[in-house]
Structure formats: structure tokens, C-alpha cells
Amino acid sequence: MSSVAVPFYQRRHKHFDQSYRNIQTRYVLEEYAARKTHEQKSHVSDEKRIRFASELSALEKEIHTARHRAREHLDRLAVQRMVEENMALERHIIEERISRAPEILVRLRSHTVWEKMSVSLCFTVQGFPTPVVQWYKNEELISPASDPTKYRIESKYGVHVLHINRADFDDSATYSAVATNVHGQASTNCAVIVRRFRGDEEPHPAAMMPFHLPLSYDVCFTHIDVQFLEKFGVTFATEGETLTLKCSMLITPELKRLRPRAEWYRDDVLIKDSKWTKLYFGEGQAALSFTHLNKDDEGLYTLRMVSRGGISECSAYLFVRDADALIAGAPGAPMDVKCHDANRDYVIVTWKPPNTTSESPVIGYFVDKCEVGLENWVQCNDAPIKVCKYPVTGLQEGRSYVFRVRAVNSAGISRPSRASEPVAALDPVDLERTQSRLSKIVISKDDLEGDVQIPGPPTNVHASEISKTYVVLSWDPPVPRGREPLTYFIEKSMVGSGSWQRVNAQVAVKSPRYAVFDLAEGKPYVFRVLSANKNGISDPSEITEPIQPQDTIVLPSAPGQVVATRNTKTSVVVQWDKPKHEEDLYGYYIDYSVVGSNHWEPSNHKPIKYNRFVVHGLETGEQYVFRVKAANAVGLSENSQESQAVTVQAALTCPSYPHGITLLNCDGHSMTLGWKAPTYSGGSPILGYYMDKREANHQNWHEVNSSLITQTIYTVEDLIEDAFYEFKVAAANLVGIGQPSDPSEHFKCKAWTMPEPGPAYDLRICEIRNTSLVLLWKAPVYEGKSPITGYLVDYKEVDKEDWITANEKPTPKRYFKLQLLLFFKLALPFILFKVTDLHEGHTYVFKVRAVNDAGVGKSSEISEPVLVEERPGTKEIYSGVDDEGNIYLAFECKEATDASHFAWGKSYEEIDDSHKFKIETEGNHSKLYFKNPDKSDLGTYSISVSDTDGVSSSFVMDDLERLMALSYEIRNPTIPLKSELAYEVLDKGEVRFWIQAESLSPDSTFRFVINDKEVENGERHKINCDRPNGIIEMVMEKFTIDNEGTYTVQIQDGKAKNQSSLVLIGDAFKKVLAESELQRKEFLRKQGPHFSEFLYWEVTDECEVLLSCKVANTKKETDFKWYKDGSGADVEELPDLQKGECHLSIPKLSRKDEGVYKATLSDDRGHDVSSLDLSGKGKSASPLKILCTEEGIRLQCFLKYYNEEMKVSWCHRESKISSGEKMKIGGGDDVAWLQITEPTEKDKGNYTFEIFGAKESYKRTLDLSGQGMFIRSDFYYRGKVIGGLPDVVTIMDGKTLNLTCTVFGNPDPEVVWFKNDKAFEIDEHYSFKLEQGKYASLTIKGVTSEDSGKYSIHVKNKHGGETVDVTVSVYRHGEKMPEIKPGQLAKPRPIPPSEEALKPEDK
């Protein structure tokens, strides 16, 4: 074989290999060259080589003969068995008409051979359709085309053989064969061991080898194949929880006495059963359980299945978050608490600092100890220690302890860490002596000591650890030391002081190590140590060199540049440059944040030692930034600089393999094939496809196309008629060529002539929800003898045999929506069918058959199994209108990649009409804009996103009218008004016109228009705008008769506009003009002395009549006078005008006091007059009149003057009437009336009205004795509105309004409609009907805002009638409908029987 390196693309696909077309020639040349080389080597070899070669050749012949005979014997048995079973199979097929999955009849056998010998592996399989067999070496697919001189595959009559030519040592492996058809698959495997020849090993002579059985020289070991069925994945948990990591597997063969060994590792450290972890392996499952999670358990977990044949493993990361802090803002717990240098009374405790993201920094730690067997935790340090290391002293010798650590910050104290492993307070020498005496005879130095009484001084006193707060001293025991137990005393001295101070005066030290605290910062010290026993104390040791307490370890510098790259749909790979000084680092913490949120979350909760980490648990499609900080014993470094933002998407790879190759048409010389695109494009758009073909039972594949196929359908030309072919397809993108598809079925190249249509293809399933799914397919290429009329959809559960047809009648559409367990309903443009056999949570497969006039055609390829269940986080299409007023449909897919394509469709046909639609896609958002929306745009819209796990959705556009109205409002916005244009008359007679909007911006503009002419700010029209309050006003100082007309205000604020008008014409103008003149006169009158209250009279307790008035704005020069009938009245004294009141007393009122009284005020500023008529005139009355009202009849009399204080009386048949519910007495300024409610026969008779004056009385009489029946019939038979109309109608513009009511009257009444009290003409816009003389209706087609107003219906005959008013309010599209009170009916207003006006008559 050639030693030249082959480029990767040639290894993956042969379209780039120029020698591919001449592969047969290359095989012949290589075989010829190999033979020639062998002959040349044979000639130059020595005699020994020749002898060995001849023996080896003879041996090979013997082995070949023996194996050949054995194989022949086995083949005869296998063929005989195969014939018998094939006959049985045929009978079974004929009887039951079913197929079966592959079944292994003869399994593969293991072989052990010498190097350069050939091996043939064979097995027998049965199944229908004929299974497709693939061979694997160590789970890698064997392709003979890649190395034709090494492998050869044969398949005949169900016997499949893999020939391995001239095996070498690298061919030792596990070989597997997998047989697959549409009903399932079966597999078998074996081991091949190739032994390498050594000088001292020779094959057995041929004579010693039996011919009937193949022999091997070693017993082949049993190979155990472990196949993981379900692996544990990346897991997220919280401290304090329990958790189990599980992995199920298939072990072949499964032997009770020989099983693989399951080993669990955390960060490559073997895990054993402990208090915190429990291991389990059995029944095809390996599990690791955590009884109480801590951050110490975080890490990369690996399960390794170890057997004599090799190792199978799977790995995943376990993240353990901090439990909720006991105090808000407190830090997380420290972790990895360990003990070092344990001695009789001393141990060093270390730990790792927690990560802090949102919490305040850690300022120190508390170390707690607890004696094993007790639960009493004791705090070791009084003040927090700032480094992650602490020497604990004062332990009791011979006892065991555990330790824990708590972190402290400004908010409080964290939860405690996991307790350390127990440590015994023993001298390491004693501990070793205790453990070793069980198996050894140990002679210690104590046994060799002489009779030494007082020990010598310790030696080698030095500082083993220096920090800012303490110094750890270490020394060697004295020599000689004596046999008595030793203790030590430590003394310190500040350099230059000349004095020594004993450190441990109270407690003797038993260990040759001690931590000295309470040292002055920055001051150097020297130390010495003394040893002592019961006999005395030694001399001091040598003095140490000066030691200055200081931190030898400083905070690490921040890591360097952080680079984040895409990894998977939920993870990102983060890499960074290590700090300049990375010594003594515990590791790194990684934090992440969503771009723009500025909220940081920790990724890992335990320091990692590498500068590369995969951050898991991210949201697909979201953008993140990352930062890193380093950790050591002192604490955490500063945060690194943030990385560049990265979008969470899968990294670029080759596309996955296409599938579902289907024969769509054949004319005898060519075949048209279709296939489904790969599920995943590898993150880059698929550029096209390469296709290979080969004839059935041929080994070599041949390329079909040299240039890329851009569609998923292709016609292969130049084929041999009646030959069988199989095909495979591979997809290509920018990264390269992906894996090829599985070989297709064997397709026969025979022309299709059947009348039925061919198969539909590219069957896709989308919009999978809990209650529905949608099937899409493409029409058959071969239609048959007549056009296709429809399609039938079949489905079945995966585990069942029978197919069910979903639609009884073929559907003409090329899509089909299945609504699960719902009633039958037609919902254009697709059909919902009642399919009672589909259930949520079940898995189904589908197929489609085309139908024409000849019948039902071939079935499509069966779809992939589909689970009827909605995926979590499924999003749907939504509609809206943007700020520019454009109507759109939008969809968001966070799973989308750079290679994803958002395919919009209407009625499931792809949209390509650029004149009606516009598609904009940015990132993971896509919008479909409607350019000119109209009724034709109603329907069902769909979207599918490629390169995802089937993300799709649909939307029924049925509210286009609302969206168009909203679009109109946005494109033609209206400024909302708080108040329409209104007026008010000011004190000086000025008229103020004003309007108020909800709000106005500083850039808003406006203008006033009077009678179609714009007016500007000036002396006559003072215009002002209060924009913060939205008030626009215009003040007219002089309002005259020339100002009659229409007033309009037009406002514009950006694109928004509005206007309001006020019509002052006729009576409305006269009213404003009169009010203005009155206010002007009143203003001028009040400029001088004037009456604030005019003259009025009252009767005092002394029965005197007192005329009174009130004055204002007077001064000393103001003249006040009384007059009677035009002549001055004599008064005893003039009133004091400063008091503001004037009075004239008439002691005894008599007829001579009748007359008109006046009071005048005057000075240089003006004058004012007030008069009061006491003449007794003005009481004349008109004759009594009858008026029909809604309640009954009213008798009324018009007067020139009337008030309720006048003495009047009503009588019926000479009986005085008192006011009550039946008869009510009342009146106004010029009328007095008697209301008779619901008159009856009893109310007949004479009615008298009498008013009493000063000198005489006035009486009016009306006789109702002969008119009683007339009055009742007049009231009953008058025109009425019976079917009530609403008082208010609210309707949207563009709609049709119909006002309908029932009228009554005898004779039939006349019906007239009015708008705003004016009759209007009937035209196409307004139409009126009166049916059967009693059903009256008014129809307004296409109402607009101009149709708002008051509509009235007058119903009247000779007896009278009624008027009913209806207020119509028209609101625009997009406006909120005004709220109205339901159930309010319009109240009728009566119309008298005669139109003759009732006017007062003077008497």
C-alpha cells in the first residue's frame, strides 16, 4: 500500500480523486507490482529465509486446505439449513403475507491467525425485504472502496462474508456486522487476533495440524462489547440536593462470572464509595448517587467500563450551584477543605475561596473544628483570617478531628463548607510505628538512647511558612533526646530589643512545629526553641535568622484576553491567556452575562485548573459576554476584560446525511430519484449534493455527477434496462462533504407504464403540537395515465402493524392537518379531520398515496417516527403593525443558526410574490410584510426554519380588517382631544374660544379659521397656546354681529392631525351675542356705583313692608335717591351707603301705597337704577287649555306673572284640589297648571282655576263633563313608538346601521325621520321603509364620522304622537369602542293632538 498521505477530502469522498475513474486498472498494477517485489526479495534472501518461506508456504497451504474443508462442511450445513428455512419462510410469507425483521441464523466466530494470513468472517442472516449488511471495525464503517486490496465483501443467498487479505497486527480488532431492513436490525460480532512472528516462535508443522478443525495457539479471550443505550448529560444541581447520574448499557455477551468493571472518575480521580457518594452497577445500568451535594462534587464525571477487550467511556460535567444564603448578600461556602502536616497538637487546614459575582468580596474566613463522634463545632480563630490556609493548634493528642470553613463579607457569614476528612492528632512517627508493628519488627531511636536525663537543644530551627499574621516554625528533635516524652518551648525577640519572650508559656508544644501569632506587622523577629522532659529543660537552640512577617503569596493578576467561540446550541467554549504569574493558583472562575443586561452569573462554582472551559446551560440564539478571574490562597484576582459578544449556536461542521431516497420515475434508461435534505446543515448553507451509484452485487461505487446537484431531485441517465441499482447521496457545505446516506433499496431500471400515479416524495411533518400536526409533501413526478385528483394519508403507531387512512375522501391539497380528538370542522384553506385514534404522547409514522382516475398509486416513503407532543418553549407566529403602519407577521426562533432559512408560505406554498409581500430576516427574527393588504390576503400563513429540530408554525389571518384600521391610524394619526372647540363669555363681554388636546409637543402647530379664512394673533384676535397642558385659545374683545359663522381650529403634531369646529349661526349666534352684550353692559355698570342686589320687598315682624336693596362701589360723593311713580319720595334720613344696604319702610301698606318704586345711585363715574312694581297689575290669565302629556292630560293657564307664593286655587266640582300623586299642581314664570295622571271617568266635570289679587280675583273654568271619552281615546289612539329604540348607538365606520322600531296609532300615524332636528333626503346613503304600516326602519350604508348625531322619529296622527331620539356615535377603525350603559331605551316625547300654538291671552 502506498505510504503517501491522502488529503482528508479524498478520504471522505472520491469525487476529488483523479484516479477514481481508473480504479480497476490501479488494482491490477498494484497486484503486479506486489508480485514483482516479492520475487525480487526472494532472490536476494539467504538460505534461512528461503527455508522459512518454504515452510511458511507449506503451512499456509495446509491451513488453507483445512479451513477450506471446514468451510465447505460448514457451508453445506448452512446451505442445507438455509434451504429448509427459506422454504419455511416462503410458506410463511404465502400463508400470512407478512414480512419480518433481520434474524441472525449463524453468528460470527472469533479467529486467531498469524500475521500475513488471510481471514474470512462469515455469518448468515434472513429477513424480508432483504437486509442491507454493513461491516464495522471497532465501530467504524468498513468501506472496501477505500482499501480494495485489504477488504472484500461478498453476499450470496443470505451468507455474508468479509475477507481480510494478508492480515497484519493492526487488523486485530472487534468486527461487527449489522443487518438492517425496514422492520428492524440485528447484529453480531467477533474478535480477530493477529499474532506477530518472533524469532523464537514458529508455527506448528503442517503434520501436527488436524484438517477438520481450525486451531489457534492461545485460547482467545472473551471480548465484551459495551454499548451505551442512555448516557448521562450535563447536569445542573444545587448544594444540599440529592442526585443520581445514570447510564444504561447493553453488554454483549452478558456473563455472570465475567463482567466489565464500572469505574467512576471526577476530574480523572477515581471515586470510591463514601459518605457522600454511592456506586451501583448491575442489570445493565451503572449509577453514581450523591447523598448531599456540595460544590466539592462539581467537575467532569467519567464512567469507564473496563473489560479485557478494552475500555468504553462517557463523560459529562456536573455543575453545583450555591445554596441560598442564610443572610441576603452573604458569600457562597468555601470548598475542598483539606488537612496537612498533622502532628500531636497541630494541623494546617487549607481550602479554596468561593466565587463572588453579585456579592461583595470576601474579607476573611472562620475555621471550625469538631472532634470525631461529637457534634460540637468550635470556632478556632477569633478574627477572620484573610488567606485560605490556617494552622490550627491546641489539639489533644490521640484524638481525631474534622474541620470546616465559613466565608465572611460585609453582608454576613456564609453557609459552612463540607467537613474535611478526619485527621488524627498524632506524631507521624508514632502513627507509622503503630501501623507498622503489625507486620514488622521496628527498632526506634528511643530504644537506642542511653541513660540521657536532660535532652539536648533542638536543631535546624527555621520558618517553614511566613504570612502577614503568623509565622510557622519547624525544627528537628534533639539528639540525644532521651527516652522520656519531650515538650518544646518557643521564645521570640524583636530584633534590637535584646529581650526574649516565651510564646507558649501556658501550653507545652509536643510537635516539632508551631505557629506563632501576635507579631507586629513590618517588624523583624528572631526565634529559638528549648526542649524539655520531666528531668529538666535543655539549652536554647541556635537563634534563627531575622524573620519579618509578610505575605509571601499575593493576589494573582487578572487573566489575559478572553475568547469565546461557538460550540453547541446551548454551550460556548471560552479560552483565555493565563496570568503572568500563575504559581500557586487554585484555578479560574468564569462568569457570563447576556449582552446589555449587565447581570453576571457564575458558570463554574469550583475553580478549574485549565485555561479552556465549556460554558453550558446557555439559551440558544442569545448573545453573551464572558469574563474570567484567577483564584489562589489569598483570594480572587480582578476580573479580566470582557470577551467579544458571541451568539449561542452550534459550531460549523459538515452536514448530516440525507435520507429517504425514493424512486420517482423510470423510463427504462434513466431513473428520477428524490431524497430528503439533511436534518442539520452543519451551521453553513448546503451547497449541493453528490450522488454515487452501483449495480446490485457490485462492490465499487461510481460517481453520478461531477458538479453539485442543487435540488433534492435528480435524474440519473445512461442506465442498463432491467438492471438493479442502488444509490447513496452526500451533502456538501463550506466545511466539506458530510457522511453519505445509507444505500437505497435495489431499484430496477424498468420503464413505468402503470396507469396509477407514482409515489409522492419529500414527506415532511411540521407544526407538531399536543393536539395537531401538519403533513407536507411534493406531488409525484409520474402522474400515470390521468391527472392526480387527490391524496390519501395513512398513519399507524410505531409498534403496530395495521395502517389507518385518515381521510375518507382524497384531499386535493398537498398538505394535510390532523387535529387530534376534535370534531369535524371546515376551516379554509385547510381541513380539520376527526381522527380519534391519534393520542397525545404516542409515536406515529405516516405515508401518502396519490390517487387518479385509475386508482391509488404507490405509497411514499414512510416518515420518521413522530412523537405527538409539543416541545417546551414552542413559539407561534404573531401579527402586528410597526411604527410606520406596515402590517406584518413575525416569528422568532432562538434555535436558528447562520445557515437557517426562514421559509414563509401561504396555504403551505412558498411565497415568492415580491409585489404583495416583503420578507426581512435578521438574526433569529423574521418578518413577512404585506405591501398592499386586501381581502385576498386572508388565509393561512406558515413558516418553517431549516437547520433546526423541526421548528415551524402557522397563523390564520382573519383579523386583517382590524390590522388595516390600526395601520390607517398609525399612518394617519389623530391628536386625541380632551375637549372639542368651545366658547365662554368673559366678564368684560369678551368671547374666548378654546380647545384642549391630551398633549402637545413643542414642535406642534395650529391655526384658527373663521368662515374659511385664517386669522392671526393681533388686537382683535388674541391667540395663545399652552402646550404643556394642550390648551389652545383665542379671545375676541369685541364680539359683534359681523362675527357670525363657523369657527375651526386645525392642529398638527408631527404626523398626527386633528381639527374641531364650532358653528355659531342663527339662534346659537344670537345667544352668544346677547350674552356678550349683557356681560359688557354689566361690566360697564359695575365700573361706577351700582346695585349689587336690586329692590325687593319683605314683611317684617311688625307687619311693615320693607323695600330693600344692596349697593356697591360707592363713595362719599355718591348720591342715593328714592322715587315713587317717577316722583321723589320723602325719607326721614338718607341711608349710609358705606354699609352697602338701603331700606325704605312702609308702616301700613294700603292702596295708596300702590305704585312703582325706584332707587337711584349717581356720581361722577355714572349712575344706576333699580325699580319694583307694587301696583298689583300683571295677574291677568288666559282661558284654561287642555294639553295631552305622557302621564295623562294637563290643564294650564298662561299668566303675565306668576310665582308659587301667589294665592291660587284649583277646584273640581266645587271641591278644592290638593296637590298629590293623582293630581299635581305647579307652574312657571308665566303659567299655572294642573296635571291629571291617567284620567278616568271619575275625573269628568268642571275644573276651576282662581287667582287672588289685591282688589279682585280672577277665575277660569273648563267643563270636561262631555269630553271624558274623547280625552281617553285621544290619549290611547295617538301615534306611539312601541318597539323601543336604544337611546345611544355606537358603531364603527364603514359598517351599515339599521334603526328599526314598531309604531302604532289609529288611524295609522305618519312617520318622519329627522337628523339634528332637520329632515334629510332619502338617497343611496339613507334609506327609509315602513312595512305593513307598523314596521319603520332607517338604514345608513357605510357610516362615517359625519353620520354622528341625533336621529329622531316623529310618529303622529290626529290624536297626537311621540318623538323618540337616538344618539348615533361613529368611531374609527382602531379606536377603543366607547363604553355605553346596556339596556338604556330611548324615552319618547309626546306630540299634542293639534299643532295650534297655545299662547297666553290677556284679560
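These residue numbers are counts, starting from 1, taken along the chain as shown.
The backbone N, Cα and C atoms fix where each Cβ goes, and this holds for glycine too.
Curation does not apply to TrEMBL; its annotations are automatic.
Going by TrEMBL, these are the annotated features:
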DOMAIN    102-193  domain 'Ig-like'
DOMAIN    333-428  domain 'Fibronectin type-III'
DOMAIN    457-552  domain 'Fibronectin type-III'
DOMAIN    558-650  domain 'Fibronectin type-III'
DOMAIN    654-756  domain 'Fibronectin type-III'
DOMAIN    759-871  domain 'Fibronectin type-III'
DOMAIN    1089-1175  domain 'Ig-like'
DOMAIN    1293-1369  domain 'Ig-like'
REGION    1377-1403  region 'Disordered'
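Just going by CB pairs under 8 A, the stretch in 102-193, 333-428, 457-552, 1089-1175, 1293-1369 that sits most against the domain 'Fibronectin type-III' (654-756) is 102-193. Residue counts for the domain 'Fibronectin type-III' (457-552) by DSSP state, with H, G and I taken as helix and E and B as strand, are 0 helix, 41 strand, 55 coil.
Across all of the domain 'Ig-like' (102-193), the predicted model scores a mean pLDDT of 86. When each of 457-552, 558-650, 1089-1175 is scored by its Cβ pairs under 8 Å to the domain 'Fibronectin type-III' (333-428), the top-ranked stretch turns out to be 558-650. Here the domain 'Ig-like' (1089-1175) is broken down by DSSP into helix, strand and coil counts: 6 helix, 48 strand, 33 coil. Look at the domain 'Fibronectin type-III' (333-428): DSSP puts its residues at 1 helix, 41 strand, 54 coil. Residues in the domain 'Fibronectin type-III' (654-756) partition by DSSP class (helix H, G, I; strand E, B; coil) as 0 helix, 41 strand, 62 coil.
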